[in-house]
Amino acid sequence: MINNKSKYTNLIKSEAKRLGFLSCGISKAGFLEAEAPRLENWLNKQMNGQMSYMENHFDKRLNPTLLVDDAKSVISLLLNYYPSEIQNTNSYKISKYAYGQDYHFVIKEKLTALLHFIQTEIGEVSGRAFVDSAPVLDKAWAAKSGLGWIGKNSNLLTKQVGSFYFIAELIIDLDLEYDNPTTDHCGSCTACIDACPTDAIVAPYIVDGSKCISYFTIELKENIPTEMKGKFNDWAFGCDVCQDVCPWNKFSKPHNEPLFNPNPEVLSFTKKDWEEITEEIFKKTFKDSAVKRTKIGGLKRNINFLKD
């Protein structure tokens, strides 16, 4: 006879798949002991740059039971965003995750639907949905639940589909069956370390966030340091270099989420189009996109830095 834990686990994983998630793994909620010294060391070395929010909620980042009362399980989910088409080659580049609609809203809707399903099918279950704007170590939880391993570029990797996916969590007060971590398959490969244009991967598995092109083009609010001149390889919003060169991403398959399909302008814009972008065109093109985070001023700053 199937036990309830197994039954509920299978129900949840089946519904996650129906909602379009690539995969679903489950871990027992608790303190992430191995992550505590890593996070502390990373912050002490100021690898978060001006991302001061990374210093907030230190204890909550490591322990989901402080985020959700009586938390029992962390459900980790992956949502593919690998596009079927990429930008015009004569263009300033934006990270592939920003081609379509802002993932925060797309994922939150799916997580809300999954939680509603759990409450309808199983009963009184409390929980919270988390996308990457919340203090949850999403990659650590995804790795703990066997969805992949954390690679030398600090991204979650899988043998089946590489790393072009979003990670999200649902933390609930229900005991479930838990998955086991997988093994690291980076081996002796250093492709990501060798390819990083700004040497942000300072050691295997350690990324200095304050040296990353994504940090400079999205998080940094002041002028980009002049010593970075000529190193950005035309990246105007984010950077995919360490993922593009990863051998496991040869197995990436296009997503099937219509909301992640790009606005045609995103693919067709030339450098001239980007350089001449107006507030009106910016708002029209990126009104539902993660690119709006930089605002028109931030995007123009990035383009001027690349152009000069």
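Glycine too: its Cβ is placed from the backbone N, Cα and C atoms.
On a predicted model such as this, the values are computed, not experimentally measured, just so you know.
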Taking Swiss-Prot at its word that Cys196, Cys239, Cys242 bind [4Fe-4S] cluster 2, choose the one of Cys186, Cys212 listed for that site.
-> Cys212
For the [4Fe-4S] cluster 1 site that Swiss-Prot gives with Cys186, Cys189, Cys192, which of Cys24, Cys246 also belongs there?
-> Cys246
Go through the chain and flag residues at least 6 beyond the ends of the domain '4Fe-4S ferredoxin-type 1' (174-206) whose CB is under 8 A from any CB in it; none is fine as an answer.
-> 5-6, 8-9, 12, 25-28, 42, 47, 72-73, 75, 118, 122, 125, 127, 143-154, 157, 159, 212-213, 216, 228, 231-233, 235, 239, 241-248
Tertiary contacts of the domain '4Fe-4S ferredoxin-type 2' (228-256), as residues 6+ beyond its ends and Cβ separation under 8 Å | 20, 79-84, 91-98, 151, 153, 155, 157-164, 185, 189, 191-192, 194-198, 201, 212-214, 216-218, 271, 274, 291, 294, 299, 302-303, 305-306, 308
Can you tell which of Cys189, Cys196, Cys242, Cys246 has the most other C-beta atoms within 10 Å, given these are the binding-site residues?
-> Cys242
Counts by DSSP class (helix H/G/I, strand E/B, coil) across the domain '4Fe-4S ferredoxin-type 1' (174-206) = 5 helix, 4 strand, 24 coil
The rounded CA-CA distance in Å from Cys186 ([4Fe-4S] cluster 1 binding site) to Cys242 ([4Fe-4S] cluster 2 binding site) is 13
Using DSSP, what's the helix, strand and coil tally for the domain '4Fe-4S ferredoxin-type 2' (228-256)?
-> 10 helix, 3 strand, 16 coil
